[in-house]
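Participant: Okay, these came from TrEMBL:
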- 65-92: transmembrane segment (TRANSMEM)
- 104-124: transmembrane segment (TRANSMEM)
- 198-219: transmembrane segment (TRANSMEM)
- 231-254: transmembrane segment (TRANSMEM)
- 266-289: transmembrane segment (TRANSMEM)
- 309-330: transmembrane segment (TRANSMEM)
Amino acid sequence: MVKWRFYQVEVILWNSSFSFHLSLERPMNQTEMVEHMNFNVTANVSCSDLITPMFYDYMSRIDNVTLSLIVFCCVETLITFILFVICCHFFCTYVSSSARSSKLAWLAGIFPLASGASCIGMIVPRAMPLSDMIIVLYISRCLFGFVDLVIDCCGGIQSMSDEHSVFQLKLNTGPCCCCFVCLPKLSPTVKNIRIMRFFVYQNAIFRPILFFFIGVFWVDRWGSFDSKVPFKPFITTLVVLSSLIALYGVNVFHMTTKEPLKKYKIHILMSIIQFVILIFNLQAPIFLACSSLVSCDEMLLPSYAKTSLWHHMAVVTECLLLLSLAMWFFRPQENCMFDKFYISKADQHVEGNETVHLKPELLSHT
């Protein structure tokens, strides 16, 4: 038996097999192990067996191409934040209702938040699950805000039920009940509206509780969040069910008020929200399913962390594009949501006409 001691690591070679005994005083990271174990031993380590490195180790061994892409994503995030500030300026300037402008700011905030959290996850790989949790929780809050915005544009729950009583709540709506054509249609009474609103609100309450437990388990397995853990499929199933119920409630509200609120372009806002939900509920699992196809020749990131890295890079670009499209479709001159913009334009038009009429009088007096 041969023994080597490197700092706090004891390597024991016995019958061509080796094991590591790490001291609790100072656990060694992957870089130190590679530097101090200078013997010709080739270990067949798969990508899934790697442990997500810490920030210092990751930045010291990252390749130039990946680093350049991360820097490019940070620049995109900065542009997204600048566009968000411009949006908030228009909300505060041209929307008369402070409650409505705050709801619009909450909805627009998903893009800089998702982009910024994704950049943090790309720079600190062990923070990727935490970044995803924060983004998904904010999306739940945005669904909450979208329903409140629709109700506010209709003048409140009571006004909505009175004014739009000719419309009916269509229950056979996606994504849950689109195939059940036998479901009855309900009138938009106060009780029915509150029930549909609760379908959306439960996601903002139930999902943080589930993500708290996910965070606890992730911290317990620090940096090694294995998809094969028995509890994860159960919690993931509950999260998906809660999200589907919330999205169902949002779709019912959208279909009920689509025509009356056409001047506010709520249908475009709904399409953008649905696309954001697809990004974080469909795109991420697709990337994770392709983790076996991703190579890890540099032996730095495990396969699931590397696919998450590419997912966050895509999210940053998608957030910039979606916010740019939202700003184009919701520009003040094309949307009645910005009521003060039309008032200011009308005042300018009146002042212009008065100036034209007064000009001859002023000239005659001179």
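One-based numbering along the chain as shown.
Cβ coordinates come from backbone N, Cα and C, glycine included.
TrEMBL entries are annotated by machine, without manual review.
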Participant: Can you tell me which of 65-92, 104-124, 231-254, 309-330 gets the most C-beta pairs within less than 8 Å of the transmembrane segment (198-219)?
Facilitator: 231-254
Participant: Under 8 Å between C-beta atoms and at least six residues away from its ends: which parts of the chain pack against the transmembrane segment (231-254)?
Facilitator: 140, 143, 146-147, 150, 169-171, 173-177, 196-200, 202-204, 206-207, 210-211, 213-214, 217, 266-267, 270, 273-274, 277, 281
Participant: Six or more residues beyond either end and a Cβ under 8 Å away: which residues meet both conditions relative to the transmembrane segment (309-330)?
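Facilitator: Counting only partners 6 or more residues beyond its ends, the transmembrane segment (309-330) has Cβ contacts under 8 Å with 66, 69-70, 73, 76-77, 79-80, 83-84, 86-87, 108, 110-112, 114-115, 118-119, 121-122, 125, 128, 131, 135, 265, 268-269, 272, 275-276, 279-280, 283-284, 287, 294, 301, 337.
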